[in-house]
Amino acid sequence: PETGRLALYLLGLRATCPPPDPGSQRSLVTWLKYHLEEDWAGSRRHGHPLTSFYQYGLGILALCAHRKRVREEVIRRLLEAEHHHKFRHAGGSAVDTEAVVVLAFTCLERERLVRSRLAAELRAVRRRMRRRMVEEQRPDGFFGNVYSTPWAMQVFIASNMCQLQTVYGQAMAALLKNLDAFTITATMAQVLPVLHGRSYLDIASMRCQEEPDTLTPISPEPLPEMLGTMMVRLMVECPLPRCPQHQLYDQLVPAPAGASLLDVLRAAAAQEPHDFTFETQETPQGPFLVRVLGLEAQQQKRSYWQLLTDSSTSLQKGVAEYRPQDGDSIILRLSEW
């Protein structure tokens, strides 16, 4: 199901105040409702959506921003998942998922799209999840990682709590130091509202007739050309018992200086004897690594290809954004969440 992509499109459409065309928007809303049901129905035996709880919550948020009601059962699926701690990754957290769900619950209550009894339940869950976010802030100021931090900050903005929380100021300071991490449209769209003290909930309350048409296209400046070649050590790891041989690949890969990790992977695949293979999948957040050396990361098995710079340090950027330096080591590890 295209739940997340369609949800982001509908949020963006509402934010740009398009000319009134109820027919086309109604069709998109109907499709999103359909995908929400498909997302869940196709995975009842797994206890989680076919995509993820993140995309599922994003779908509810987008429908709320368009002031569309959803069935109570659809909302209660998220309540049940939170109650059984299904948002959280094994051994870690899922700040972005929890933040999206909190924003969706806040929107449903604010727009009065749920009955009073359910609204009270949503309010209690929101408070619990906000508390958890505060407790889990990292020493560097981030909530989760650099990309999930804007989501968490939107929660504080939507709750009118940003001025009362020192954690918000620490997160903003960390974010301002790492704005170069936001290089694709989807991640820019998450951080820009925060920099202006806004959240996605403000989309629902926009008065489009008052919005001036000030959007003008700009041509981005080309990245400076970097000359020379760098060497990157690329390793692939797969845990037991799935792989009897823990380390599947360990080679030095030459690539142009300033190349992205995605370019390094392409260079590795082009190297003789062509024993490195990989596949990516396009997502709203950019290319996502789904298969390496024939081993596939599967949503149903809650597995993914983790990107690390050493045995325990995860990358804070995706394969298209991260740019390794000469002499760096990169580990691709098949992990569970």
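Using N, Cα and C of the backbone, Cβ positions are placed for all residues, glycine too.
Just so it is clear, the model here is predicted, and its values are computed rather than measured.
According to TrEMBL, the cyanocob(III)alamin binding site annotation covers THR51, SER52, PHE53, TYR54, GLN55, ASP96, ASN145, GLN190, TRP305, GLN306, LEU307, LEU315, TRP337. The Cβ of ASN145 (cyanocob(III)alamin binding site) has VAL95, SER314, GLN316 as same-chain neighbours under 8 Å, each 6 or more residues away in sequence.
Residues or ranges marked as disulfide bond in TrEMBL: CYS64-CYS107.
Per DSSP, the secondary structure of the domain 'Transcobalamin-like C-terminal' (258-335) breaks down as 10 helix, 29 strand, 39 coil. The domain 'Transcobalamin-like C-terminal' annotation in TrEMBL covers 258-335.
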Nearest to CYS64 (disulfide bond) by C-alpha distance, among the binding-site residues THR51, GLN55, LEU307, is GLN55
In chain order, residues whose C-beta lies under 8 angstroms from the C-beta of LEU307 (cyanocob(III)alamin binding site), counting only those at least six residues away in the same chain, are LEU261, LEU289, SER314, LEU315, GLY318, VAL319, TYR322, ILE330, ILE331, LEU332
Cβ proximity for PHE53 (cyanocob(III)alamin binding site), under 8 A, sequence spacing 6+, ordered by residue number, returns LEU78, ALA81, LYS86, PHE87, ALA94, THR97, VAL101
